[in-house]
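These features come from TrEMBL:
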- 1-37: region 'Disordered' (REGION)
- 9-19: compositional bias 'Basic and acidic residues' (COMPBIAS)
- 70-87: transmembrane segment (TRANSMEM)
- 92-109: transmembrane segment (TRANSMEM)
- 96-339: domain 'Fatty acid desaturase' (DOMAIN)
- 179-201: transmembrane segment (TRANSMEM)
- 208-226: transmembrane segment (TRANSMEM)
Amino acid sequence: RSTTAPGDSRTDVMAEGWERGPALSDGDVTPGGAPQRAWKPEEALMTELSELVQKVVKNSSWWERHGVDISILACSFLLLPAGFLCLRSVQAITFLAGVLILGVVHHTLTVKGSHLASHNALTESKSWGKVWAIFFIELCSAFTVEQATYNHVKIHHGYTNIIGLGDSSTWKLPFLNRYVYMFIAPLAVPILTPLVALDLLRNVEWEAALRTLCCMFLGFYCHYWLLLHVSGFQSPWSALLCMLLTRSLLAHPYIHVNIFQHIGLPMFTADRKPKRIHLMSLGVLNLPRNALLDWSFGHSLISCHVEHHLFPSLSDNMCLKIKPIVSQYLKQKKLPYNEDTYSSRLWLFLQRYEELMVHAPPITELVGIQ
């Protein structure tokens, strides 16, 4: 049975020609094409695609695999002095430029940096990967590494769009109406993030909790101290208000991106789900490239989210490099390759907010799933 995710015709999520094949284990679904086409088992499809991607990775330089993204993060650090100094100005344009610089830098470090670090995509060394994870996730983002890795890597990636596990339900606040959730609530992200992190510290060892608390305090205090002694803020409240302003600058697209790319797409139950390549092609969506969001969030969260879910250990730049291969392969195998625009998804969520964000999502009716 064909299934279309909520949205307009530009959201290419038609699962056409799916039919029950030979008995497969673990709730597999075998896609059926024309009668003359013999579809491979899911494992063979994923293996074939992995081999194509691995060839690209092996032929790529260190600069392509890691250097480009490390350079973006390094440039963000180098922009920090300019941002803090711009806030000293009494000229409105210069002051706003400082807010813009610090806001973009903050989200580059906390979103792009933390995301890459959680997947150990910044380096091929596990030891250095742990160091970068603590720096970006705990010091910059005020979250605990263990819980961030577990919730994102183990649950969200391991059970993408599986009801009760990786179905993005943590992003839902059904007691808020659509306009409050979409346009006002994101401003509270800088406040809610550390509060949620503190609550999750109950689930980690005391050594990890103590380390997280120290890193969180150091990150907040450094930001606060620089605003007072470099930017010249005269009162603690004005400095705290500026912290909130810069840390929430891109909070709206941050929330939107996290819900646009999964919620509203096919959902499955844990005991009746397709295997990896089908699950990711059905339940993940790419947005168009955007210079600001590509820099701040990274390609793997914007235009290469499908590629990222299929190959999560690759850096943003490598996800962009393998994008033509992955998209062509999925389309050749008659698998969905979901793409839609930011404005289209925003309009969809405003129209169908109750269905998508308040009520429980429906189980996808693919043959072999229910």
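Heads up, the Cβ atoms here are built off N, Cα and C, so glycines get one too.
Any TrEMBL annotation is an automated prediction that lacks curation.
Here the transmembrane segment (208-226) has Cβ contacts under 8 Å with residues 84, 134, 138-140, 142-146, 194, 197, 201, 236, 239-240, 243 of the same chain, all six or more residues outside its ends.
Outside the transmembrane segment (179-201) by six or more residues, the chain places 141-144, 147, 173, 209, 212-213, 216, 220, 243-244, 247-248, 251-252, 254-256, 346, 349-350, 353, 357 with a CB less than 8 A from a CB of the stretch. Model confidence over the domain 'Fatty acid desaturase' (96-339) stands at 95, taken as the mean pLDDT rounded to a whole number.
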